[in-house]
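**Student:** Would you mind keeping the following structure in view while I ask a few things?
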Amino acid sequence: MKTKVLMAILAVVIAGLIAVPWIASYFYVFIFTEILILGLFAASFNLIFGYTGMLSFGHAAFFGIGAYATALVLIHLEWPFLACLLVSMGASALLALMIGFLSVRLNEVYFAMLTLAFGMMVFAIAYQWRSVTNGSDGLAGFTLGSFGLGLDLTLANPSVYYHVVLGIVAIAAIVLYVICRSSFGMILKAIRQNPERVSFAGLNVRTYRLVAFVIAGIFAGLAGGLIAPFLRVASPELLHWSMSAEPILMAILGGTGFFLGPFIGSAAFVLLETWITTYTESWMLVLGIILALMVIFFRKGLLGTAIDWWMEVKK
Amino acid sequence: MSGIGAALLNSLDIGLLLFIIAVGLNIVFGVLNIINFAHGALYMLGAYLAFTLINIAGMPFGAALILAPIGVAILAVIIDRVLLRFIYSRDVADSLLLTFAILLIINESVRMIWGSGIHVVQPPDLLSGSVSLLGSSVATYSLFVIVIGLLLLAGLWYLFNRTRVGRIMRAAALDRDMAEALCINTRMVVTGVFAFGAWLAAVGGVMAAPMRALDPGMGDKIIIESFIVVVIGGLGSFPGALLGAIILGLIHGFGGRYLPEVNLLLPFVGMALVLLFKPNGIMGKGANA
């Protein structure tokens, strides 16, 4: 019964998402594109935070390098879009392997500091290496050519791009879900709850943490590859720690204990941002206050709090 | 030779300034077991308060050096009593998240109050000249920073090793339950230590104000530097903070002079090297996952 209701809700949501360009204005097509991309970014973050218990403050490094990789390939090689995304995923995997190797060995406090510091190192590189990254202005002026796989799509059309993003994010979300539900995902959960016990069971906690970190990096890189053509620019802001704060807030807003939590958090975040920035410039202040309140009072997020409330009512 | 002398002195003033800030981070971690992400924001607040006291209220630099850190320490008491008290008994991730939220709030508040432009604080007349030392001319203010840094270093050492207050802080760091059993009011110790850490950050901020331009990103830069310092030296270690700060000071002092094009990257390279060979920092103990 419960799963049936859930499946029905999910089907309605997916149908609604597919129909967005036909029923809503371009403004909302852009909003929903952003929600989907940032949702994937947040879901990749939640694989290491919600599932494995590693709080990274440098996840934007992988998102940003994905955006830069796609931008660079489009500018210099003019490859099809799918190939660009593969390059983005490869680049972020490599970066995640390097940062992860140095960071996952130590405890939570160290991990938080190191991911933040290395994340800002990548930001500093993008900022300073003008000849490749064009410094603070970022890379712009690239155009999407073909999609790849022989499909004939006009990616420059926002509605078409929205459907492409929807398809790719859906596939990526399914893959992430399968990973979370696999025995590998179960081990990650066990590591969050009791790393000592997992290591007594004969598993190498460090390796599992590193693999989870790299997988999260790959999906963040994919999200980055999707955001560059959407924003039409790959700039250092995508690598800054304020960008790393966004998936953290989205995951907590939606609920870190649920697979779909980050996507719901992303929707709440983007809608809230659009609404609040029409009133005030100080979005970061609002963001900080919301984060503080969520952490203190609603640690389970919107989804978790709603489910708790529902259980309470049913009793 | 004179180049090396100047670089050395330069390294020393950067290093001691970093030490003041990083040791505050370390003390708070030692007793409260949380890493305060807002530490850099409190440093920035110290600098901006000094700017207001000196350039707007017309106070002398010395008065700002005393008043601004006290103001920041009072704010820290409020932060502790209003926000942090909720999460002391919770998972460490919650404390990281909450101090990160406080960082966002302070950063944006500074931007709203003082604007995103650059502000400049002049050093006091007495310290604005330069003197000849080791065959090169050195800003008097640099020497002032070095002297104050050394005084604070000695003062902190004395506080922790020779006074009752220091022993209480160390006891609370070692075992809070045991300290409580010995009739120590650990709640007050926790608030006091958090305020003391904020005071140190703000002292660093006021001292840095005449050396660097004030902008809303200055706190972000310093928190990353402080993280690098404590990672290199070892989290929670007092001599480690000094060693890490001096190493980072040397990297800045010499790197800025001889390798300007990769200057921004050198601290991270240094940190990565330490992590490869001594993952817990040069003076740190067990922090393995």
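Placed from the backbone N, Cα and C atoms, the Cβ positions cover glycine too.
For A:5-24, A:30-49, A:56-74, A:80-102, A:109-129, A:160-180, A:207-228, A:248-272, A:284-307, the entry in TrEMBL reads transmembrane segment.
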**Student:** For the transmembrane segment (A:284-307), could you work out the same-chain residues 6 or more beyond its ends whose Cβ comes under 8 Å from its Cβ atoms?
**Tutor:** 242, 245, 248-249, 251-258, 260-261, 264-265, 268, 272, 276
**Student:** At a C-beta cut-off of under 8 Å, are there same-chain residues at least 6 beyond the transmembrane segment (A:56-74) that contact it? List them, or none.
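**Tutor:** Beyond its ends, the transmembrane segment (A:56-74) has Cβ neighbours at 41, 44-45, 48-49, 83-85, 87-92, 95-96, 99, 111-120, 122-123, 126, 132-133, 139, 142-145, 213, 216-218, 220-225, 227-229, 231, 233-234, 236, 238-241, 243-248.
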**Student:** Verify whether three or more Cβ pairs under 8 angstroms connect the transmembrane segment (A:109-129) with the transmembrane segment (A:30-49), leaving out any pair fewer than 6 apart in sequence.
**Tutor:** no
**Student:** Give the one range among A:5-24, A:109-129, A:160-180, A:248-272 whose Cβ atoms make the most pairs under 8 Å with those of the transmembrane segment (A:207-228).
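**Tutor:** Between the candidates A:5-24, A:109-129, A:160-180, A:248-272, the best contact partner of the transmembrane segment (A:207-228) is A:160-180.
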**Student:** When you look at the transmembrane segment (A:80-102) alongside the transmembrane segment (A:109-129), do they share 3+ Cβ pairs under 8 Å, ignoring any pair fewer than 6 residues apart in sequence?
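**Tutor:** Yes, since the transmembrane segment (A:109-129) and the transmembrane segment (A:80-102) share at least 3 Cβ pairs closer than 8 Å, they count as touching.
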**Student:** Report, as numbers and ranges, which residues of the same chain sit near the transmembrane segment (A:248-272): CB under 8 Å and 6 or more residues beyond its ends.
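**Tutor:** Distant Cβ neighbours of the transmembrane segment (A:248-272) are 31, 34-36, 38-39, 41-43, 45-46, 49-50, 55, 57, 59, 173, 176-177, 180, 286-287, 290-291, 294-295, 299-305.
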